[in-house]
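**Q** The following feature annotations were taken from TrEMBL:
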type	residues	note
BINDING	Gly43, Val46, Asn50	Na(+) binding site
TRANSMEM	35-52	transmembrane segment
TRANSMEM	64-84	transmembrane segment
TRANSMEM	117-137	transmembrane segment
Amino acid sequence: QRIPRKPQLLFPVAQGSVSGKKTPLLDRGQWASKLEFLLAVAGTLVGLGNLWRFPYLCYKNGGGAFLIPYILFLLACGIPMFLLETAMGQYTSQGCITCWRHFCPLFEGIGYATQVVIAYAAVSYIVIQAWAFFYLFSSFSADLPWASCGNSWNTGKANK
């Protein structure tokens with residue numbers, strides 16, 4: 001017996017829902033090259049929040065010793081989950097929520113949970129981006145707000 005090259009899904013991709021209604025797949029764009037895909041992924045993963053937060057976490061959690069469990073967790077969970085989500089998206093040509101639904105309808109909640117986490121991260125990282133823009137635009141003024149201690153927001157503990 002010949003083994004199929006593509007694994008069979010529990011619910012085929014062309015099937016729109018468990019009810020059996022057929023919905024046509026949308027024609028979705030594709031990456032022009034592997035390099036374009038890798039640069040887009042790197043741009044998403046390496047952001048201002050990561051560059052700002054990672055050294056702080058290393059300092060706060062033991063310096064270089066923090067890197068050992070971090071790298072172990074990255075290899076055991078982070079990279080496999082990234083590859084799983086990327087492969088599922090490429091295989092089904094669907095979005096985050098609907099690709100889980102095609103493998104198992106119960107897993108649709110994973111897609112929704114992922115979207116909630118992304119929304120929370122976007123809200124929290126917008127604060128970091130606001131700080132960066134504040135300091136960027138403030139650095140063009142003649143009097144830098146952080147150069148003196150005579151500001152309205154300074155406490156009595158500020159050193160002059």
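The backbone N, Cα and C atoms fix where each Cβ goes, glycine too.
Would you situate these features in the structure and describe their surroundings?
**A** Gly43 (Na(+) binding site) falls within a helix when secondary structure is assigned with DSSP. All protein chains included, Gly43 (Na(+) binding site) registers 9 other Cβ atoms within 10 Å of its own Cβ.
Long-range neighbours of the transmembrane segment (117-137) within the same chain, counting only residues 6 or more positions beyond its ends whose Cβ lies under 8 Å from a Cβ of the stretch, are 47-49, 52, 146.
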